[in-house]
Amino acid sequence: MDLRLSLAILSAKLASKLIRASGRGGGTALPGLVAQRVHPDVVSRVSSRLEDGVFLVSGTNGKTTTSRIIAECFVKDGYKVLHNRSGSNLVRGIASSLVDNSRISGMPTAELAVFEVDEASLPGVLSCLTPRSILLTNLFRDQLDRYGEIDTVRKRWVEVISKLPSEVTLIVNADDPSLVSIARQVNCRVIYYGLNDNEVAMHDLPHAADAVFCPDCGGGLLYSSVYVSHMGNYCCLNCGFSRPALDYEARGIQFNGVRSVSFELHHSQSILHLDLPLPGLYNVYNALAACSLVMEAGVEAYLVEQTIRSFEAAFGRFERVKVGDKQIVLALIKNPVGCNEVLRMFSYDDSTDPILIAINDNFADGRDVSWLWDADFEMLASRNSPFVVSGIRGADMALRLKYAGVDPSNIHLVERLEDALDRSLSLTSSGGELRVMPTYTAMLDLRRIMSSRGWVDPYWED
């Protein structure tokens, strides 16, 4: 037995219990930091003992939902799964998940692990472990003060992903040209997924599109269809760079308001009919990505269909909370692309119930909130409903709504988040739906308030 490893795990478990007992959090990050201080190789040592390997999910948007679908598919297939379900996705969060689900000896209690990984942390994670498979969802501008521009993250990814051994499988969103440029530089097996449905496509790039130039030669990309931001079917007329053939593709996409979406998954000679109880085109991407990974790992199609049909939203990702005869819908926003997709969902109906927007600028949110001016809040301009704004940067959000054309008499700035929640609920009709758009730490604050009132479980118990 490695006594230092055992000490690291024991120390981390103790730290986790103390944090949870104090009510100051879920102990999803600090225990991992403690373990790494005691044994710097704790991630490598414990993860290497997982019998069926490690599956990683990284990218700007969709990590939490995608990794949850993957984990639930593996559980449905009979595996014991270790998963950083709470969304703690830095190296220390992964270390926390590993030690929390291991015996003092360093043996994991699971057979495989599914980890969502912060895009800036992917190089650090790959320096600690060799995954069985990596899924790359997308690259968008996000927290420029932390990550820099897309090309900065892409170059860091190329450095580490190009060194992956041949036995690793790389699952890549073929609709994102930045990711395809990375995939063309690897030695391992690559699987591509994407959308193939002109009925739901746009034919012009939106304002918030990020990758409009060829990643190979710098020439302009020509799109025959656009789905979300810069994701679509593209080609470069200068060098010939184009979207590769799809191994897994979504067709026949049907939206069912703000509650669900259905689509056909085409792979080889098979077709799966999937009904996902989450709305939006970006959730089609999330589900398609997850299905691609688990089917490549050997999960049977009928188990995939069952998992998708019964899937419940991750906390804050179109999560629904019942409060009396009203419902709260939490939809996390953190960058222009994700925000625009939420706005698109909320603009599908003419509800007069309020929208609560809570904007923080803590480290986990990103200090720079200039992205609010890139998001298309103009979609809400014609909506005749109250807008309650709160959070550290609530005043900035109120100003943004005013410039978006929202009637100033409909904008209510409420400083304290708890008061803002109560005000919003008081304005929500009986049987109605309060829609909430929080940044990450504002979402945690809201769930803490709701948890204290018994409306939801603490997020680490979700």
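Numbers here mean position along the shown chain, with the first residue as 1.
Each Cβ is built from the backbone N, Cα and C atoms, and glycine gets one as well.
These come from TrEMBL:
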| type | residues | note |
| --- | --- | --- |
| DOMAIN | 57-199 | domain 'Mur ligase central' |
| BINDING | Cys214, Cys217, Cys236, Cys239 | Zn(2+) binding site |
| ACT_SITE | Asp368 | active site |
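Features recorded in TrEMBL, as mapped to the structure shown.
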residue	record	DSSP (3 states)
Cys214	Zn(2+) binding site	coil
Cys236	Zn(2+) binding site	strand
Asp368	active site	coil
Confidence summary (mean pLDDT) of the domain 'Mur ligase central' (57-199): 92
Residue among the binding-site residues Cys214, Cys217, Cys236, Cys239 whose Cβ has the most other Cβ atoms within 10 Å: Cys214
Nearest-integer angstrom distance between the alpha carbons (Cα) of Cys217 (Zn(2+) binding site) and Asp368 (active site): 30
Number of helical, extended and coil residues in the domain 'Mur ligase central' (57-199), per DSSP: 54 helix, 29 strand, 60 coil
Environment of Cys214, Cys217, Cys236, Cys239, the listed Zn(2+) site - residues of the same chain whose CB lies within 8 A of the CB centroid: Pro215, Asp216, Gly218, Gly219, Leu221, Leu237, Asn238, Gly240, Phe241
Cα separation, the residue listed as 'active site' to Cys214 (Zn(2+) binding site) (Å, whole number): 27
Cβ neighbour count (within 10 Å, all chains shown) around Asp368 (active site): 12
Rounded Cα-Cα span from the residue listed as 'active site' to Cys239 (Zn(2+) binding site), Å: 36
Between the residue listed as 'active site' and Cys236 (Zn(2+) binding site): CA-CA distance (Å): 33
